[in-house]
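Structure, as structure tokens:
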Amino acid sequence: MASPSRQPPLGGSGLLHGSRARSYGSLVQSSCSPVRERRLEHQLEPGDTLAGLALKYGVTMEQIKRTNRLYTNDSIFLKKTLYIPILSEPRDLFNGLDSEEENDGEEEVRPSKDEIGSSSGRRKNRGSGSGRPNGTGLPPHQETSTPSHDLSASDFLKKLDSQISLSKKAAAQKLRKGESGVPEEDTGLYPSSPRMQQRAVLGPVPLTRTSRTQTLRDQEDEIFKL
């Protein structure tokens, strides 16, 4: 009996099938994920160190060694230049396509000046037409008064000055009324005595010179003479 033909297993790997064996080395790059690393060439100078280069470019010393295939005991001055691995952002891998799309999206979102003007005109028409049917208008004092947010700087300052002047006038009138009312209140609260009324009628009392005051003056003169 003839043995059935052997069929090769599906997905088998080996040298006969010509498929590449999967390796897990550090230098093998996966074809599924995009390359996110670019290399920067650095010219070595006499004062350069591996730690200084790692600190300068923001990478680790192991990354520099792996990129340049240096062992731990090797000196960096065996080569004239070193390649510094720098991680690139995923946005840089698309050659600026994402940035163009984002700019287009921002331009679509931003409204134009004409649209802004038309929308403001519609709002004004709605505000004037709503709430006043049959062509009835606003009262004159409401029509002339402008909203506070529409006032300019000069109008606001003029309004402030007028309020200050009005408050000053009111304070001055209040003080005048208070001064004119004080004597009336005093006369009503404190009745004048008959002696004060007599002084008010006769005027001030003249000073009289008595004999006692004369003798005192003479004694003072004698003391000064001595």
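One-based numbering along the chain as shown.
A Cβ is built for glycine as well, from the same backbone N, Cα and C atoms used for every other residue.
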Which residue from S13, S99, S112, S192 is recorded in Swiss-Prot as phosphoserine?
S99
S165 (phosphoserine) and S180 (phosphoserine), distance between Cα atoms, whole Å:
23
Mean per-residue pLDDT computed across the domain 'LysM' (40-84):
88
